[in-house]
Structure formats: structure tokens, C-alpha cells
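Inspection log for the structure reproduced underneath, given as C-alpha cells.
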Amino acid sequence: MDAKARNCLLQHREALEKDIKTSYIMDHMISDGFLTISEEEKVRNEPTQQQRAAMLIKMILKKDNDSYISFYNALLHEGYKDLAALLHDGIPVVSSSSGKDSVSGITSYVRTVLCEGGVPQRPVVFVTRKKLVNAIQQKLSKLKGEPGWVTIHGMAGCGKSVLAAEAVRDHSLLEDCFPGGVHWVSVGKQDKSGLLMKLQNLCTRLDQDESFSQRLPLNIEEAKDRLRILMLRKHPRSLLILDDVWDSWVLKAFDNQCQILLTTRDKSVTDSVMGPKYVVPVESSLGKEKGLEILSLFVNMKKADLPEQAHSIIKECKGSPLVVSLIGALLRDFPNRWEYYLKQLQNKQFKRIRKSSSYDYEALDEAMSISVEMLREDIKYYYTDLSILQKDVKVPTKVLCILWDMETEEVEDILQQFVNKSLLFCDRNGKSFRYYLHDLQVDFLTEKNCSQLQDLHKKIITQFQRYHQPHTLSLDQEDCMYWYNFLAYHMASAKMHKELCALMFSLDWIKAKTELVGPAHLIHEFVEYRHILDEKDCAVSENFQEFLSLNGHLLGRQPFPNIVQLGLCEPETSEVYQQAKLQAKQEVDNGKLYLEWINKKNITNLSRLVVRPHTDAVYHACFSEDGQRIASCGADKTLQVFKAETGEKLLEIKAHEDEVLCCAFSTDDRFIATCSVDKKVKIWNSVTGELVHTYDEHSEQVNCCHFTNSSHHLLLATGSSDCFLKLWDLNQKECRNTMFGHTNSVNHCRFSPDDKLLASCSADGTLKLWDVTSANERKSFNVKQFFLNSEDPQEDMEVIVKCCSWFADGARIMVAAKNKIFLWNIDSCSKVADCRGHLSWVHGVKFSPDGSSFLTSSDDQTIRLWETKKVCKNSAIMLKQEVDVVFQENEVMVLAVDHIRRLQLINGKTGQIDYLTEAQVSCCCLSPHLQYIAFGDENGTIKILELVNNRIFQSRIRHKKTVWHIQFTADEKTLISSSDDSAIQVWNWQLEEYVFLQAHQETVKDFRLLKNSRLLSWSFDGTVKVWNIITGKIEKDFVCHQGTVLSCDISHDATKFSSTSADKTAKIWNVSNGELLHLCAPLSEEGAATHGGWVTDLCFSPDGKMLISAGGYIKWWNVVTGESSQTFYTNGTNLKKIHVSPDFKTYVTVDNLGILYILQTLE
């Protein structure tokens, strides 16, 4: 070793000895060929970590320059970057010319890229399979920077993951083909919740600086889109490696123009995705020579010197790299037992008791059993404890420290013995080590120890309770994420039902978990453990699940919403509300602000029956012709039939091999048709459940099916992702007609009541009508335009219609999009009604035969039955956002305009409504003593209605344009109004005198009356002005914003005023000199994170210490600090105005859904 390198090592020896963990450093050096197995044993025999480090450094000092370089690279790879930096100056010059480790040929660039991307290290003993590695690299280079798929497929345990990792351990491949990096995802067998967690973790890794979004994606569709943007903008030309993919539907989440390498046992998984595809098959067994090579490396002998038994052992291992490694690890410890281990393998005495695994690997069972039996007695039971680990889950060391009540070093020493014997695997990226088992090892352990599993799970929960309180886990704890994800799983597996219910029915746990991982996984757990939670209290379980689903879009926000405030919006009978109320009262005593929604009981639930027959999303539900039965199908692959009146189950059929997307009763109720992702259409006997027909002519998943309405000549229509509709005659074996015309998937089809037309909805954004007799296209509608005319936020504009249902008269059709259902008149294209209630995407809508009710089915796992009349009636009294409020003692009186421009007076406390008059009202207001109401219209006219005798007074001078705001003075004698004509009119309606305030250059946005005949106005011109309404003169003029001033208010002491603008800022100003005092919470790059959009109204508290703002939601601010005190999230958005009582304790607003909110501070 060079003197410079040697001196550098000696100089920093003390720091190295104090910090490094030798086990993993030695693995790298053994892999590089600069440390022998016997030297490793010598280091291990030292009693303490520090002495082991001292022994290793002593050995390195006696070696050459390449050993120094190998040690340096090992430090870098294991996360000891600070220690590696100390040795950097001593690196001998010889290595820097190539930049490669002299043996492995891996550059430090490759090490860094793979380490950052989470690519697993080489196994303890590694044998290269050059032919296969080269084949994978050739296929990867064929992608040429374009999106595509390279699939490595083969049996379990054949080494696919090791080959995938080895293929990217190549400098030129990474530099030329994937300069954006490599990102490894261990997928495994997943449900939708598990996949969402994997996607969330990947998005977090790819966006560590949160430059794209501060919150996690809340569903798979959003995660797919986020991933697409991140790969395109932040990590262009990078490679995504998906390890151990089981299902084709999983790949759809990654089918977004990425370059992907995947390992799988089923090469057909890529059939459902787009782009170039290349396949590399891996033989199920190692060749004899490769097997012998692995054994020779384990026992440190030349291949030619291996005993005869070695050949027989390879044969008995059936070529499995995993099994050969297990036997090799045993022979390394006991090199004289060749004959013994061969006989053990041949005797097959360790056969599985149950063949419940997906595989039947006798050789693996034998090798695992032998390896476990040969463990030292004092550590054998620790390996049994690993039976509770789940597949594809990497467990932090800290979890096992808690389980075994040991220090980190003690635990790592035990686990390293398992790793050395190939009984466990370790992911060592950085200083934090994570351990995992191969899927087949998990199968072996759970079967071998099945009788102990409950106690083992109980043990880990008991230990957890000694160390942690569930809701106090914090991100700086290494084991935090493990407990959040798997604590409920361990409790359920331990049959600790009381503890599980206490955990899941806790607002503290819900807050802590959703703040870190969002609500999706928790919702999944409520479904997964529903049979346990319902034992405790079915209603409480439903309360919490509905709360999570209903607020899911909020629980992924940054900053995280106050969960207690969200809980206070639940019905008063809900357990969530009761817990929230209890916590809120305690916090109110300490000065915290909380709001009660006092009129929420007037918001009625319109659905008549809610049932949950499925264990996953419900994709479709339909009535039988006689209305007595309901059939439903969904993601759990089943067809269910139950009674419409009570929900009693009649049939449950395992209908298809994949998700069942649609079902339909025949007109005579004899048959039920189902169609599925498996591309098949099936016909069933509706009473017995017997299979009658199977059709399989579609080339993609079949999305919809529907029978004709007449049984005279029964036909079935089906629509598919292959863009075609097909008509089937049940008396024929083949399709009768195929209909061409859609350019994307056909989502839904429905025969008209007279069977002459077939309506179809497609992902191409159109609704088409087909002639059933000729199969020709009759009409095509652009459905999107219906939504452009609706009053919903712009986000709904791009939503494609999921499904449709004809009304009995054929004149109306019902359609569903996202979580809303709309009823449309076909001729006028006008919306008749919409209804809310589902907590997630609606997949299906269907009228009952008489049209009196309709069914909807949703991702929230519910089927809801609605009464058509109630829904339409409810929609008829939707409030507009033009309201005025008068607060009198304990009364709150609200004057509102409904969607047909009718004035109504609402008692906020009792909910009583008085309908006053019908007029084309653009704005309205109440007089302070409730004697008069005033209203303006689009023609500029202003009228006053005297409530006692219904007398009407009309202004002589009209505004030139629409009147937007009017307000009485305190004495009720004067009415002030503003309009699009930029003028403010002061009308003394009793004396018929007028004063005009004219100075704004653009439309006056709004105004506010102050004391002493003063008025504050603000405008689209960006200015705020103070007027004297008697003289009509300006007293103060402020230029506050570059954009439109949306709202203003002045503090009661008249020293401060606030302004908000279309630039999405809120500012607080000094009245006397115009100085800016505060800018309230500037926005993040993501957009309207602080206020939820434009701030449209503001109001100071009487003491001037608090400010309330309305925008996307309502926020309360501390004026002194500029910080938010509380947020109230309304069901809708785009609030226009907030009305505040004089004591600043009651607040009234209406959202864009027409829902009235009367809020009161909790005391």
C-alpha cells in the first residue's frame, strides 16, 4: 500500500473504528476479492463492534492499494459518506484512471446510481450468468430511450431479481441508455391499496424536494399521472424496474410512457399494456456447472476439487439458485458433511404438511428444514419469529430490536448469521438496514409454524406496546412507517380484537396515519377487518369508514387539515363526531378555535337502502324486471343476487377469472349476463346460478352488457375495450352483429325502451345511437358539452361519462361521472337533477322498471337505492350564492335566491323557509330590522319589498348593467348598490334622492359600509377607496394589488384594513399611511394551497385580533402573527361571501353546490 494511503488510514483509524459496522463492509470486500472467508471469521470472533472494526483495519493496513480502494467503495456504498470523505485524499492514483474497482469492474458512478435507486446488492455468494445478463442488456438497449417493456420471466427462485440487478450494473448501459437513473420497486402480490402504497412511496422517492407536489396521490389514477409527470420532467430517460409482478392490472398503473424492466412468473402480464415488448426467458434451473461454481465459492475450493457428492447435491437441488445457496451456506460451516446433507435431501423427510403454497418445491423445503435445524439452539427461535413477516416487505432493524428487546448491534449480529446461511436477505442501501425473506421462504415458515402464528403476532404487539403509543410515532423513528402500515395486520393476526377496535376507532390514530400515508390504506383496513370491527359495533365501523371516504380528498392535503374540525361536521349520532366534540372541548379550554355546523341536520341523506355485499369495489348493479331482486358484480370477481326490499342475499357466484365489470337481467328474469376483464361474456340461470352460455369473441376486456327490453326476440349487447359493440342471439353460438365507430373503449351500452336503438358511451367522449336492426350508426353526441354547461368546477370538464340509463319514456337519460349522477333531458340537453352521497367514483346507474327509483354502484363498496321524486325535488331548491344575513339576538335570518331565481327567507336555527316572490334576481339584501328586502336584476333595476304588506318600491334611476351588490344603511332609509357599470349608487328611497360615487376605472367588486357615513369599495382596477356617502367624495385611495381586488374589510378601530386579490394573496394594511403590515401565508408553487383559490371575502373580529377569509374554504387568521387559526372545509368550493355576526361567533355562507352553512364557535 502507498505510504500516502497508509498514513491516511492510520490518521483516521480512530473515527473509523468508532463508527463502522464491519459485517456489510466485509461483504463488499469479499465480493471484490480482497478479503477471504477465514479473515472474515477472524474479524467476527472479536467480542465488540469496535474491536471488530479495529481488526478489519489492521488487516487492510497489511494489504495493497486495491484493498484500500475496495474499502473506500464499501464505505461509500453503505452510506458512510462522511468517513469515505476522510479517506478520499489517500486514494492511490492507479485506480482513478479507469474509475473502476479492479475486480468487479463496477465504477463508483454505477454504485451511486444503483444505491440511490434502491437496487439490491449482490448476494453473499454471487455467480455471474453472463449469457442471460447480456441478453437482458441487449433488450434494454433496444428501447433506445423510447417507452417500452423488457420482461424477465421464469419460475420462482430461479434468480430473476439477481439477474435484473446485475444487468444494470454496467457503466456504459447506464450512461448511454438510462442517464436519468434507475428506480427499483419490489411489487409482489398486491391488492389496490397495497399498489397505491407502492406508488406513493415511489413518487416520494422521485420527488424528494417536493417540487411537484406537497401531498401524496390519493388514488391509483392520480398516482399514475403523478408518476408520468415525474418520469417525464424530473427523471427523463430513466429506467423503472418492477420486481416480481403477478397481475396484469398492476402494470396499467405504470403504463405511461416509461422504460420498464420487470420480473415475473407469467410472461402474459404485459399483454394489457402498450408499447414495444421484449422477453428474456430464464430457465427454471441452473446448469450443472453453474451450480457447482456456487458450491465451490461457498466452500472456497476449486470446482475440480469438489467431491463426487457435489454433483448429486446439484441434481437434488433441481438447479434452484436459492436451494443451492442454502446447502452451500451449510457446507461452508461444516465442510465435511457432503454425504450427510446429500442423504438429508434424498430422504425427503421434511415434506410440507399442507400444500397451500402456490408452489411445490420439495428441494427448497428440504434445504430450508436442514438449514433451520443446523442453526445454533440459542438463535433458532429467533428465526421462527420471522414467520410473521409479510411477502415483499422489508423490515427495519429497529422493529426486530423491539421484538427481541435487544440493542441494534446484537440484532444485526443474529440476522447476519441468517443472511450468511441464505435464510434471509438484507437491503443495505445507506446506514439503515432492512431485512426480508424470499416469497418461498415465507411460505415455508408460515406452514411450518402455523400453530404458533397467533402467539408470534401477539408477541410483537406486546413488545410494541412496551415501547410505543400508536399515535405518537414520528417520522424520525426508523420503524415508524412499518408500524403505521402493519400494526393493524399484526393485531388482527393475533386475534387481539379489542385492541384492533380501539386502534381503528381512534381519531388520534386516524390523524397520525393519514397525515403520513393518506386515507387509502386505512379505508382498505376497514374493509379487510370489517368482520372483526363489526363484532364490536357495526354502526361505529360504518361511521369511521364513511368519515375517511367522505374526507379522503382533504386528508391528503398539505398543510394537513385539523381532523377534529372535520369530525365536528359528522352527524351528531356518529362516534366520530362524539370523539371530535370531546377533544374539541378540551382544546377550546386552552384557547383553540373550533366551529359547529349547527344546521347540518337539515342536509338529508337521500338514499333509501345501502348494502355492502362485495369485498371490493362494486362496478355494477341492476334490478330484475319485476323489481324484486338486485344483481351486482365487482372487483371481487363475483356475481351477487339479493332482495331489493331487505338486502337479503339469494345467490353468490364466483363468476369469472378476473374482475366482473357488468351484469344484466333478461326481460323475463330467467337469465343474468355477466362480462369481465377476462374477455368473456357469460349467461347464468338467475334462480339456480347454473352457467348456460360462454362467449369469447371480444379481444379485450368486456365492459358492459344489456338485454333487449322485449322477451319476444331476446338479444344481448356487449361493449368492449376493443372499441366494438356486439349483438348476441342466445339461440346462436356466435355473434350476430359487430358495430364499428367508436375510437376508444366502449364503457356502456343500453337499448332504448322500444328496442329500436342502442345507446353506447365511450372513452372517446361520445354517446352514439345505433339502429338495432341494421347495426348502423344513427347519431353521435359529444357528451362533454353537457358538462361544460353544468355549474361544477372546471376539474369536471374533462371527465368522461361512465354510463347511461334511459327513462321509461325514452326522453330522458341518466349519466354518471366521477362521484356525481346527473339526469338529462335528451331533447333539450338540460340537467334535471343531480345527487350526492357516494364517497368515491360511481360506476353504474340504473332506473327501476317503473322509474320511481334508481340504483347506483360505486368504488366506495356500496350500492345505493334512490327515490327519483325526492332527488328531483331536492335539486329544485338548490340555493344560489347570492344571500344576505341578519343576526338578531339568538336568531339568524337568511335571505337567499334559489336556482330558479326565487327569493326565500330561511330561519337558520329551525330551518323554516318562507317563499317571498319570484323575480329574475341577481342580488338581494335584508334591512337590519327585517322590515324590508331589496333585490337587483340583470337590467340594472333595484326594487324594495315591504314584508308587512308586500308593497314594492322601484328606483327611478337604473344602473346601466347588472346589479351585483346592494345594502341598507342602519336606519333602513338608504340603499347602496354597485354594478358592472363601475358606479356606486346611494339611493335615499324614501326621499328619492341619489348620490353617485364615480372614480373606479373598472367594475366595482363589492363595498362595505363603515361608521360615520363612510364606505369602503374595491374594484377590478386593483384599488381600494374610502368614500363619504353624503358628499360623494373620496377620502382615501389605496393601490393594493396588481390584479382585481376581490374582497376587503376594515378593523373596528379603523386602524387596519385587509385586502385580497385575484393574485391569490391576502394583505393587511395600515389605514393612516397605507403601509403593508402582513402578507397572509404566500402560496406554494402547487397553487391555491393556502386559501383553496381566490379569496373572495374578508372580515375582522371586533377586537381586530382575528380575520376570517372565504375562498375555496373558510379560514380564520391571527392578525398579529399572520398565521392560520382554523380551517372549515365546505362540501363544495368557490365561496363568494361570508356573513359574520357582530360578536364574531356565528358565520353564514353558501357553497357552489347550494349548501347553506351556519357555523358557530364552540365554547
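First residue shown is number 1, and so on along the chain.
Every residue gets a Cβ built from N, Cα and C, even glycine.
Here is what TrEMBL records for this protein:
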type	residues	note
DOMAIN	1-90	domain 'CARD'
REPEAT	611-652	repeat 'WD'
REPEAT	653-694	repeat 'WD'
REPEAT	695-738	repeat 'WD'
REPEAT	739-780	repeat 'WD'
REPEAT	835-867	repeat 'WD'
REPEAT	956-988	repeat 'WD'
REPEAT	997-1037	repeat 'WD'
REPEAT	1038-1079	repeat 'WD'
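Under DSSP, the residues of the domain 'CARD' (1-90) split into helix, strand and coil as follows: 69 helix, 0 strand, 21 coil. Below 8 angstroms of C-beta separation, residues 658, 661-668, 671, 673-683, 744-751, 753-755, 758, 760, 762, 770, 772, 775, 803 of the same chain, each at least six residues beyond the ends of the repeat 'WD' (695-738), sit close to that stretch. Counted over residue pairs separated by six or more positions, the repeat 'WD' (956-988) shares fewer than 3 Cβ pairs under 8 angstroms with the repeat 'WD' (739-780), which leaves the two as not touching.
Helix, strand and coil counts from DSSP across the repeat 'WD' (956-988) read 0 helix, 17 strand, 16 coil.
Nonlocal intrachain contacts for the repeat 'WD' (1038-1079), taken as residues 6+ away from its ends with a CB within less than 8 angstroms of a stretch CB, comprise 1005-1006, 1008, 1010-1011, 1016, 1018-1020, 1022-1025, 1087-1088, 1090-1091, 1093-1104, 1107, 1109-1111, 1117, 1119, 1122. Counting residues per DSSP class in helix, strand and coil order gives 0 helix, 23 strand, 19 coil for the repeat 'WD' (653-694).
In the predicted model, residues of the repeat 'WD' (956-988) average a pLDDT of 91.
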